[in-house]
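Enquirer: Below are the features listed in Swiss-Prot for this protein:
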type	residues	note
ACT_SITE	Glu90	active site, proton acceptor
BINDING	Gly15, Pro16, Met17, Phe18, Ser19, Gly20, Lys21, Ser22, Asp89, Glu90, Ile91, Gln92	ATP binding site
BINDING	Cys146, Cys149, Cys178, Cys181	Zn(2+) binding site
Amino acid sequence: MYKKFFDGVIEVITGPMFSGKSDELIKRIKILTYADIKTLVIKPSVDYRFSQCEIVSRSGLKIPTFLARTTQEIRDLFTRDNYQAIAIDEIQFFDEEIVTFLEQIADKGIRVIVSGLDQDFRRKPFGSLPNLMAIAENVTKLQAVCSLCKRAATTTARKVLNEAQTLIGDQDEYEARCRACHSL
């Protein structure tokens, strides 16, 4: 029933913006670091909000990271060293090829931990994350607080007029909403 720590596994951390996904990812990376498990940490190069060289959470936690634009760049970084784990923040910004790559390395005994949005601002599946959730051994779905009614928020609402699915932003562009308060 339980896997050994070094059995390959895929873990997904998801939820709306402002739910603590990066905090949870950094916490799990630090546990691996304490255990001397060599971990490749990645974030997409398009995520420039807080730092170009670190994953930074809104609570102030931070951890050094490599930047990548494509799955091929991640693959190249991964093969440069003898990594035992890989952690990727904002996974929804990578191409669909990432699902196959992460499944392949998990099958070889690598621990995979990813975080990101599973829904876009329209509450539609976002990027590769829903497909990763389908094959993951562990899915943690976090909640935020609805900016309007203060109930549990499970969605991210866009506050600015822009129809593009991807718009990098923060509190000026987005807020967490519950199902009842989320209007398109």
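Each residue, glycine too, has its Cβ placed from N, Cα and C.
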Enquirer: Go through the binding-site residues Ser19, Lys21, Cys146, Cys149, Cys178, Cys181 and tell me which ones have a CA within 10 A of the CA of Glu90 (active site, proton acceptor).
Expert: Lys21
Enquirer: For the C-alpha pair, I'd like the distance in angstrom between Cys181 (Zn(2+) binding site) and Met17 (ATP binding site), rounded off.
Expert: 15
Enquirer: If you draw a 10 Å sphere on the Cβ of Gly15 (ATP binding site), how many other Cβ atoms land inside?
Expert: 24
